[in-house]
Amino acid sequence: MILDWLPPTLIGFLLVLAGIGAIRRMNLWRAGQAEKVNILAGLLAMPKRYLHDLHHVVERDKYMSRTHVATGGGFVLAMVLVLFVHLFGVKSEILAWALLAALVLMFCGALFVYKRRMNPPSRLSKGPWMRLPKSLLTFSITFFVLTLPAAGILPEGTGGWVLTLVLSVLILMSLSEMLFGMTWGGPMKHAFAGALHLAFHRRPERFGGGRSTGLKPAVLGEASHGVAKPTDFKWNQLLGFDACVQCGRCEAVCPAFAAGQPLNPKKLIQDMVVGFAGGTDAKYAGSPYPGVDVGNAKGAPDQIITNGLISSDTLWSCTTCRACVEECPMMIEHVDAIVDMRRFLTLEKGETPNKGAQVLENIIATDNPNGYSPASRTHWAADQNLNLMKDVKQADVLFWVSDGAFDMRSQRILRAFVKLMKAANIDVAILGDEELDSGDVARRLGDDAAFQSLAKRNLATLSKYSFKTIVTTDPHAFHCLKNEYGDFGSDALKGVEVLHHTTFLNRLVKEGRLQLDTFKGGKVTYHDPCYLGRYNGEYDAPRELLASLGIDVAEMERSGYRSRCCGGGGGAPITDIPGERRIADMRMEDVVSTGAEMVAVGCQQCTAMLEGVVEPRPVVKDIAEILVSQLSEEVNS
Amino acid sequence: MPPKVNVVSLVSIGRHPQSGRSRRAEQDGRAVELGLKLSKKSLTVVHAGDAQEPVLRQYAGMGLDSLTVLPQPADGDALPILVDFLKSSKAQVVLTGVRAESGESSGMLPYLLAEQLGWPLVPRVAEILTIKQGAAEVLLALPRGQRRSVIVSLPFIATVDNAAAEARQTAFGPGLRADFKVLDVNSVKDEAMATWQISAAKPRPKRLKVVKAKTAADRMKAATAKPVGGGGKVMKNETAAEKAQAIFDLLLEEKVVR
Amino acid sequence: MSEFPSTEATSSGLLRRDPRTEWIARNRLHPLHSSVVSAGQGEVRGPTGLLRKNPHVIGFIGPNGIKRIDRANLSAAGLNSKKRAGEAKEVQLPLHVVDNPDGYIMVVADMIGGRLTSHDKDILGLAHQLVAENKAADKGNIAVVLVCFGESKETQFDLAGVDRLLHITGQEFEGFAPEARLSALMQIEAQYKPENWLFPDSIHGGTDLACRLASRLGERPATQAWQVTATSTVSRGASGSCDISRETPRILMLMEECANAIEDTRHQVLDLEFDVNSVDTGDNYRLIDQGQIEVDSNAVPLAEAEFILSAGNGIHNWDQFHAVAAALRATEGASRVAVDDGFMPRSRQVGASGTWVTARVYLAVGISGAIQHMQGIGQCDKVVAINTDAGCDMVKRADLAVIEDSEAVLEALMKLAQEHYSSKEQEKSDAA
Ligand code: SF4
Ligand code: SF4
Ligand code: SF4
């Protein structure tokens, strides 16, 4: 046969091209900042991370998960076998049969991909992605036919040179997509970058059921702070952006996107890719940032991101609710990227929008965001008879009051919780005026300098006293204390258990230290605060507490790890980027649609946001408040 | 705007009204803001005091490349060294706050500078509109958001009112990196101040509504009178036009419609 | 006519019991009995000159509506309705006379709108306290001089404590004229060598002029002074956070309520000799006043605005709202809901979480008044509400509330405003 050399040559040629592309792509990533990762361990762990962790996320969409296993698994297997059978010319019928089987598997998967793409939901990107199922089908059919002779089903040379030519053209078409496209920026890039991203992920703790949600501290005192240009990201962050499959799951859950604010996490990640690879977003074929046209964004690795690639409003719209991260099958870290870029805007440009500047100034001058007198922090507790750590030096439990101390509505929650602790005879103390803002808001607004200063001073205060447990009613402070204060080299929290008040109360109830009457009100639903749920994995304690009152929670469609944010996080109420709707209103609609008369929450900020919705609306109550009203015995001491 | 005016903004250490902590002073921050707006290039920001004071970084964080410090002890008199400094500088416009937030807060410094330099002073400036041909058109802030336009010849000193544009946000990075030019100056002690006694502010007794009632009944009436504003008039059944007329009459009576 | 005490007891015509007359009325043997009893007791001279008794006047209606005749004559109108003589008469306050004073205390008043402000009056009061102290210490007889510039509409200088008046008028002192005014003060200084100069520490020009004078004279003044005696002064420092006590300087800038205004005396208000023309009004003034400029009412910062037209979710016709605000020359405000719904920018939000306002008139249209909003308008003088819900908090707070759909009222207001201003225009052009 004259043309027999053609298919292997084509395969080889495309492989070489793919190799060149891979090196080029890797160089793009390497333009990012150095970050230590354990290369070998990462590579070794990669298959397990793929099969276990990534699949765990993909599994939430059963249809897609099966499709992906068939297509992806089939393809990887087939590709390896193709190398042996067609490139190296290993003559083995067994191999050929295995290849055929793999191709059939892949073909079936590809059919489902095709079907999905017939009428794709809006969150999926179109453009080249619409071509992908066809390429997949072509690939499997072509190689199926090509392999038939090797498997001994058809005699060698069937079809003559015409068939070989036709097949070669098809090989060229499909393999360009599958191999060349993989490393030169086609849709299949996700397989290549995704695999490496899993291997070199910046938060390896996330794999194997772990959790890593605390922001990484900014290094202060350098020539610049935060991320200004794409190359200011760590190299493995850039790699992570490249792993995006544009599945749009993040877009579908993003509260800011739903509210019509100019943020779409999927587009954001794609713009990051445009940034470090250079070019424009003209080829982007998914939903835009609400209210912003696609095609005008330009980026380059060394160009300031907010100069032409994305607008700063996009960054300030995020509530840092982590819904996108939780949902992303490629385990991309959107929130890290957004806060990194915010750090540049705040620390270097001084461009925190709206009330941001004032809030940060207040935090610096008064250690609380609203500029209240630091000496009035303990006024709420004037009648509470609480021990001050300053006096007692030690206690079983330290109650971290948080800035709710200044807010009349939040004080009701604080008082309710104190009453419960007293009913259970807990040895508790507070820091009083020594407590400072946890720094949550400052950090999410990008002012890591203010955050670190607060964190260090708080840790210094904490280290003066001894306590076993620290409890707070504020999930934001809870998150800082538990997951972020550890980066500052202090022993103050060593061996200390940091708990949210719902977890703590749940223990008390289980130990029988709180006697509660059954709740007889109407239907109740529960809103999971993002900083309690997604950030800290506490979904059960609040529900168990409600159950202990005999409440059968009428769950919202979006609850648990899919809970929709109330709009109160990440400094979003401060930066106040206009949208078409308010996030809190949407959340209240979720509540209303369950028919509940009351929504239980575990966060003062959620309470404030949800209560800000125009009445009539269901009642909003913190779990501590609900419990306190069902407390059967009065405190006798 | 003119091609180039030399602007000097004088800054002091402010005091947060709630926490009492040092901060960028409200009006001084606005003076820097106004200076930046007039000419970012030829603006010199000057502080007479302690060069180590961290608050100065907050001013620098407004985007200043450098900040000039005339070192002074806390009990020093800033006037003579500032006069010397301004005489030797080519300053054409000097901006300060109306009153400092710390120290005596007398607000005299700009007046004394103006007197000693023989320059005119414009008080409570909200905006500098134009600077041309050796004169500037400035807007003075009057109460209730009103403005007065004044023309003043260069060089001049202006005190900046709270109505001027708010100071831009200070950014940590640039503030950290700004260069401090610490000049070598002699300090003069403020002698008079040493004789003062300074104590925490005593709350001022609120003036009671002293009722000069001549009779017991008058006193009784004054004591029990409804506070003004309590229990207003409610109009329900009149026509819309009548209601509008009633509102309009009130507006005329209160002189908000003139 | 019979007069019942209850209807008569107004503040001016106060009823007083007179125990002596009552006693005479009870004592028939008293020589004055008949004259007391007959006084106004239903006996009148008829047209013919005869004494007539009016039977209707005898007696009174008792508490349960039955007519009673009072034999004891205790309720006789003549006894009980006797008004205190002199009650309505203008009290002539004693005149405080200063002849040939040994020295002067100068009070330079703000005189906003040509009238003494309460701040000015407090300072005049303080000046007299200093005068009294001087007198007690035998330091001579000092007169309080009021220095004022420009047009004066004040008619009660005498009651405010002005012994002498230096009223300086002339074109060059009008408006913003710190240099000319300073020249005049320097002339006064040279001519009278006052013991003290007192100024209101105010944004109406008092502080400015005082600082100018102090720096020209090279005197160190006390600013924000609030407790002043002839020897020692307490003033606020460090933005009001500390008190500075020192010897009383010659130049003082005084806070409001630094002393009580004069109330019990009248003063001479004699013009003090002063030759305006001798004031050195050099042509080298370097500040040229171009007058107050027309400020777009909507450009006035919300916190400072005098008149705010504020919109809530009761507004449906936003174009109309903006037009009315413009026609009334009001500054626009909004409730949180109106801002959240995107009808108004965030900077317009009134309330605890927005801007705290101090308007003289706050006209709330379609705002029911959430607690944060009511907090934010706490300092407004007059609140007017237009609302359809008569029970809402805003209507309860309002000095004037109209229960009506906003659109109709706003339309009528619009018409009134337009008529008002166009007739003003007319007048102006007629006058010109
Ligand atoms: S970022 Fe993740 S969730 Fe979002 S589109 Fe990409 S892969 Fe999907
Ligand atoms: S963190 Fe929440 S708000 Fe921010 S991009 Fe992700 S989903 Fe959207
Ligand atoms: S306030 Fe509650 S729901 Fe909102 S961001 Fe914070 S934790 Fe999430």
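Using N, Cα and C of the backbone, Cβ positions are placed for all residues, glycine too.
Whatever TrEMBL says is automated annotation, not expert-curated.
The shown structure was predicted, so the numbers you read here are calculated from the model rather than taken from an experiment.
What TrEMBL lists as transmembrane segment is A:6-23 (among others). Outside the transmembrane segment (A:6-23) by six or more residues, the chain places 82-83, 86-87, 89, 146, 164-165, 167-168, 171-172, 175-176, 179-180, 182-184, 192 with a CB less than 8 A from a CB of the stretch.
Taken from TrEMBL, the feature transmembrane segment applies to A:69-88 (among others).
Residues or ranges marked as transmembrane segment in TrEMBL: A:94-114 (among others). Same-chain neighbours of the transmembrane segment (A:94-114): 63, 66-75, 77-78, 81-82, 84-85, 132-134, 136-137, 139-141, 143-144, 147-148, 150-152, counting only residues six or more beyond its ends whose CB sits under 8 Å from a CB of the stretch.
Marked as transmembrane segment by TrEMBL: A:135-154 (among others).
Look at TrEMBL and you will find A:160-180 (among others) tagged as transmembrane segment.
According to TrEMBL, the feature domain '4Fe-4S ferredoxin-type' maps to A:235-265 (among others). For the domain '4Fe-4S ferredoxin-type' (A:235-265), the list of distant contacts is 25, 28-35, 37, 61, 64, 121-125, 129, 187, 189-190, 193-194, 196-198, 200-202, 272-273, 276, 286-292, 311, 313-315, 317-319, 321, 323-334, 336-337, 340, 558, 562, 564-565, 567, 572, 577-583, 586-587: same-chain residues at least six beyond its ends, Cβ to Cβ under 8 Å.
The domain '4Fe-4S ferredoxin-type' annotation in TrEMBL covers A:308-337 (among others). Long-range neighbours of the domain '4Fe-4S ferredoxin-type' (A:308-337) within the same chain, counting only residues 6 or more positions beyond its ends whose Cβ lies under 8 Å from a Cβ of the stretch, are 53-54, 57-58, 60, 190, 194, 197-198, 201-203, 206, 213, 215-216, 227, 233, 237, 240-241, 243-245, 247, 249-256, 261-263, 265, 268-269, 271-272, 274-275, 289, 292, 297-299, 345, 351-353, 356, 444, 530, 534-535, 561-565, 567-572, 575, 577, 579, 583.
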Checking distant contacts: for the transmembrane segment (A:135-154), what same-chain residues at least six beyond its ends satisfy Cβ-Cβ under 8 A?
7, 71, 74-75, 78, 82, 85-86, 91, 93, 95-97, 99-100, 103-104, 106-107, 109-111, 113-114, 163, 167, 170-171, 173-175, 177-178
List the helix, strand and coil residue totals of the domain '4Fe-4S ferredoxin-type' (A:308-337) as derived from DSSP.
14 helix, 0 strand, 16 coil
For the domain '4Fe-4S ferredoxin-type' (A:235-265), DSSP counts of helix, strand and coil?
18 helix, 0 strand, 13 coil
